[in-house]
Amino acid sequence: MKAIVVRPPQEGVEVRDVNLEEPNNGKILIRTKLSGMCGTDRGIVSGKLTFSRPPDGYDYLVLGHETLGEVVEGNEHFKPKDLVVPVVRRGCGTCLNCKMGRQDFCETGNFTEIGIRGAHGTMREEFLEDPRYLVRIPSVLRDVGVLLEPLSNVVKALNEMEAVQRRTWWSCDDSTYSCRTAVVLGSGPIGLLFSMALRNLGFEVIVANKRPPSPVEMEVVNGINASFVNTSEHKELKPDLLVDTSGHPSAFIPILPKVKKNGAVILFGTTGQENYGLTAEDVTTLVENNIIIFGSVNASKLDFEMGANLLVTLLGKYGELVNKLITKRVGVEEAPEVLRRKVPGEIKTVIEWK
Ligand SMILES: [Zn+2]
């Protein structure tokens, strides 16, 4: 079958025929419908994500971890034509978090991730999946279910935010976060999904980038009643919650001392590749203001399940705006080019498998 193949840590990507002789062992056979492309995929293709590796016994890796698939051969729980999304990370089998299905908090680091490290991904015509790692989603998500994987990471981070903020009275007198302001740094797919999810929790949302918004970004930001700030022109941001999706310390460190008392900071972006310091005065401010800063990566199966519910809600509330996050659909033959170079004005480009 056709697959999109990489050879980490070497750079490069190609479409080729692969013959993966995988044992069935009660797995579900799934036909891939849509594959999302993200910064992680491009990091692997460019050879910059050095932790990427093929599965044991292979000299190549099938790329792909953002997936919407359709069941071909199921079992008592998964029927043919059911829409499914696989979770990405597979546990180490030894640490307590992995044994409890929370491999997103693996303590050994000996996990695998489909399409990223040590396990083949889903950028191929079909794949076999252990039902333990599969989430069934409603048919209303047929066009946008491919956004569930990135959204699951957002859901995990916001679940953590709610958990850590129980340290104080932080929700508002209508039980939502309507008296709180969130600043989201970055207006890529993750930044916009965070913005939608935060609006849904009641936050006032300011999306910030160091450049003006693209027309689609502006339409989405306006459509969810958020606002856009160009940080190269405007610096006075005073959030209760700061979410960095940029990975650039120079973007979020100057805002840290301005986060309001008892506020929280979520670090989500990676690989900004720069050094940028924090002063002792800033540290004093963070201490005096009870600011909590945490990093968040990956998601559990429960976060995927909650993400599917959220995606249905967002589709109900914002309709076409959710569809607009998918700015381009390409065929498999065009995918290597898009994986090498971002499409201008792109939020999310997906591959349509025929
Ligand atoms: Zn583990």
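Keep in mind that glycine also has a Cβ here, set from the backbone N, Cα and C atoms.
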- Query: So TrEMBL lists THR40, GLU113, GLU149, ASN153 for substrate; which of ASN298, ASN309, ASN323 goes with them?
  - Reply: ASN298
- Among LYS238, LYS342, LYS354, the candidate listed by TrEMBL alongside SER187, GLY188, PRO189, ILE190, ASN209, LYS210, ARG211, PHE268, GLY269, THR270, SER296, VAL297, ASN298 for NADP(+) is LYS342
- Determine, to the nearest whole angstrom, how far the Cα atom of ARG211 (NADP(+) binding site) is from the Cα atom of THR40 (substrate binding site). 22
- Pairwise CA distance, THR40 (substrate binding site) versus SER296 (NADP(+) binding site), rounded so that it is a whole Å: 15
- Message: If you average per-residue pLDDT over the domain 'Glucose dehydrogenase C-terminal' (143-352), what number do you get?
- Response: 96
- Item | Additional residues around substrate, ordered along the sequence, whose Cβ is within 8 Å of the centroid of THR40, GLU113, GLU149, ASN153, ASN298 | HIS65, VAL88, ARG89, ILE116, PRO150, SER152, VAL297, ALA299
